[in-house]
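Chemist: What follows is a structure written as structure tokens; I'll ask about it next.
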Ligand SMILES: *Cc1c(COP(=O)(O)O)cnc(C)c1O
């Protein structure tokens, strides 16, 4: 065993050597040191604000839908570990990857039949983009290599995904000019239940029609735009995109990395609209938050198109493609999800968040409170004071990670009613202090 390090030593080394997401080097704000996690609780290595454990309102960036240290997922991981943690996927295959792929085909919208297993959400978006561009190249239309999206989106931090993130005010604004230049529609009008705006639908149709010659694909997050602003829109616009893409010969990609596996109240957000994309990206909750894994699914038409090209293969193959450990846990996580009335759990959390967050609407500085499925959002009329808001939540015994003007929660589906109430109270406290 290595020499144990004290919490103080760990935090000092962390600050000196370790990058954190979107962080400076050396680090500024001290992260909380987590020793273990179980159920919906993170146990801190040393108490902070008098708390030695925190109810997790974030599901570790929306992935840990079953909570932590779940016996079923632990068993799946242990069992697979005894067989093999990893083997290469070139020239070899294995049961966990085959089972998972078949399962994803079975539960996703019907036309999606083929699965590329990638190692992170951003990579699955890169693969989706490559699929679309290569499809048109293979069909002799190499000019079709741009993407269209609507503003307010987020698709990851690698190069192609960054090019379709919201170009203004987001984390990737710095790279304007260096990134491929894509085509941006206005952000979709807000409100899941709002009546569709005909003028906006016409705007989408016009833009897709005008750029059809150079468009490979339209890529959007269906129903919920996550890290780009936690906003909800009417599923009707997804039907508009589907129709316009079909009419003008453009592929449609749904990035369901945040929305997949029940978060919005449907297993996949595409189901709210009753349309299927040509390509779909999954990630985050895919392994129940245990391991990094993502998937890009496509239709047989897309796969066939690629196979007809001068280069009849999809030239992509990460070292850890199809990782058996991650695939086995993902399959167990999906089984676990489907073995229960997950829709009822998400509804229960939705009701709890609606009740618990309602008081926030009356707080000074709050612009809007919105809830959809197991997603609760309080939007301020100013940039949140992240340190103050986080501290306020920790004082309530809850872990939240606000950003921009948003204090939000996406709790694990196993969060009990009392803990949903506690998370809601913490969001309100964070809104008051932030
Ligand atoms: C998180 C996210 C990504 C990126 O996934 P990573 O695993 O962080 O690379 C892409 N798209 C959406 C919608 C996401 O929420």
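Backbone N, Cα and C define each Cβ position, glycine as well.
So TrEMBL says this about it:
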- 61, 154, 284, 317, 401: substrate binding site (BINDING)
- 121, 122, 255, 318, 319: pyridoxal 5'-phosphate binding site (BINDING)
- 284: N6-(pyridoxal phosphate)lysine (MOD_RES)
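Relative to the rest of the structure, where do these features sit?
Modeler: Residue 61 (substrate binding site) falls within a helical segment according to DSSP. Counting every protein chain shown, the number of other Cβ atoms lying within 10 Å of the Cβ of residue 61 (substrate binding site) is 16.
Counting every protein chain shown, the number of other Cβ atoms lying within 10 Å of the Cβ of residue 122 (pyridoxal 5'-phosphate binding site) is 21.
Residue 284 (substrate binding site) carries a helical DSSP state (H, G or I).
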Chemist: Select the most exposed residue of 121, 317, 318, where exposure means the fewest other Cβ atoms within 10 Å, treating these as the binding-site residues.
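Modeler: Among the binding-site residues 121, 317, 318, the sparsest Cβ neighbourhood within 10 Å belongs to 317.
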Chemist: Given the binding-site residues 61, 154, 284, 401, state which is nearest to residue 319 (pyridoxal 5'-phosphate binding site) when distance is taken between Cα atoms.
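Modeler: For residue 319 (pyridoxal 5'-phosphate binding site), the spatially nearest of the binding-site residues is 284.
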Chemist: Got a sec? Which of these binding-site residues, 284, 401, has the most Cβ atoms within 10 Å?
Modeler: 284
Chemist: Provide, as an integer number of angstrom, the distance between the C-alpha atoms of residue 255 (pyridoxal 5'-phosphate binding site) and residue 61 (substrate binding site).
Modeler: 16
Chemist: Would you kindly give the Cα-Cα distance separating residue 318 (pyridoxal 5'-phosphate binding site) and residue 284 (substrate binding site), rounded to the nearest Å?
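Modeler: Per the Cα atoms, residue 284 (substrate binding site) and residue 318 (pyridoxal 5'-phosphate binding site) stand 18 Å apart.
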Chemist: Any idea which of the binding-site residues 154, 255, 319 has the thinnest Cβ neighbourhood at 10 Å?
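Modeler: Candidates: the binding-site residues 154, 255, 319. Fewest Cβ atoms within 10 Å: 319.
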Chemist: Using only the Cα atoms of 121, 122, 255, 318, 319, which the record gives as binding pyridoxal 5'-phosphate, return the largest interatomic distance in Å, rounded to a whole number.
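Modeler: Looking at 121, 122, 255, 318, 319 as a set, their Cα atoms extend up to 23 Å apart.
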